[in-house]
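Trainee: The following block contains the structure, expressed as structure tokens.
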Amino acid sequence: MSGGRGFFVDMLALPAAYRWLAALPAIFLAMLFFLDQNITVRTVNSPAHKLKKGAAYHLDLFALGLLTGAASLMGLPWMCSATVQSLNHIRAMSIYTKSTSPDGAVLELPEKVIETRVTGFGVHAAILASALFIPVLKSVPLAVVSGVFLYLGKKVMSGNQFLRRCKTVFLESESLDAGLEGEKEQLILGRMAVARFTGVQVLCLAALWALKLNPATALIFPSLIAVLMIIRVKLIPQHFSPRELTLLDTPIGATRA
């Protein structure tokens with residue numbers, strides 16, 4: 001390797017006590033990989049995107065495990081699915097139809113997605129080719145790079161039902177579109193039911209955010225994501241009817257065929 005070390009990391013160079021101690025953060029990292037990967041692929045395979053090809057959750061996770069193991073043995077950076085980039089890829093390959101909301105705003109509704117592996121290969125080939133332009137890329141200001149990611153994140157969040165519900169709970173019923181996800185639920189269930197469910201989501205998000213921002217607790221961040229699953233499976237059904245959960249959330253276990 002360029003740093004003078006061998007091709008593989010010498011695992012025995014570290015004392016045995018430290019190797020056993022490393023198992024603790026390894027458990028948290030494994031949880032983070034599992035949750036991050038599945039959150040991304042579940043979001044990408046959302047019924048709202050109207051994908052036709054079947055999902056491959058187990059195969060994706062198996063491939064991720066092989067890549068993570070190989071990268072660890074060679075001391076290379078780990079890789080995982082990127083939620084923002086994946087959703088922007090879906091958006092770029094989608095065909096939209098335009099609709100007008102009751103307040104006159106123009107809405108883009110997904111009609112179908114062109115499903116192909118060619119674009120994914122092309123994107124990563126372009127990333128590899130960017131190594132040839134490192135001297136030029138170094139001159140790009142950090143603010144420009146941050147602005148690009150801010151724009152990508154904003155485009156992805158524009159269709160987020162949670163953010164849309166945060167807005168619609170403050171709107172009059174006459175301003176809502178009965179055919180739009182994130183707004184029709186309030187017309188069917190009423191403002192209070194939507195506000196209660198959205199409030200629970202806001203509290204969970206705030207807890208995640210606070211935990212991740214604190215350096216002392218950031219390590220256990222993945223464990224709280226696992227707690228969210230328990231909250232959804234055990235606690236939420238006790239306070240919301242099956243009809244409310246069907247409209248406000250994706251049913252547990254639901255996926256594309």
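Quick reminder: no glycine exception, Cβ is built from N, Cα and C everywhere.
The shown structure was predicted, so the numbers you read here are calculated from the model rather than taken from an experiment.
Sharing the feature lines straight out of TrEMBL:
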type	residues	note
DOMAIN	4-250	domain 'Bicarbonate transporter-like transmembrane'
TRANSMEM	17-35	transmembrane segment
TRANSMEM	56-79	transmembrane segment
TRANSMEM	125-152	transmembrane segment
TRANSMEM	193-211	transmembrane segment
TRANSMEM	217-235	transmembrane segment
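Quick one: where do these features end up spatially?
Mentor: Cβ atoms under 8 Å from those of the transmembrane segment (56-79) belong to residues 1, 5, 7-9, 33-34, 37-38, 41-42, 255 of the same chain, restricted to positions at least 6 beyond its ends.
Beyond the ends of the transmembrane segment (125-152), by six or more residues, the same chain brings 84-85, 88 to within a C-beta distance below 8 angstroms of the stretch.
Listed as Cβ neighbours of the transmembrane segment (193-211) (distance under 8 Å, sequence separation of 6 or more from its ends, same chain) are residues 162, 165-166, 168-169, 185-186, 217-218, 220-221, 224-225, 228, 231, 236, 239-240, 244, 248-249.
Nonlocal intrachain contacts for the transmembrane segment (217-235), taken as residues 6+ away from its ends with a CB within less than 8 angstroms of a stretch CB, comprise 25, 28-29, 31-32, 35, 39, 200, 204, 207-208, 211, 249, 252.
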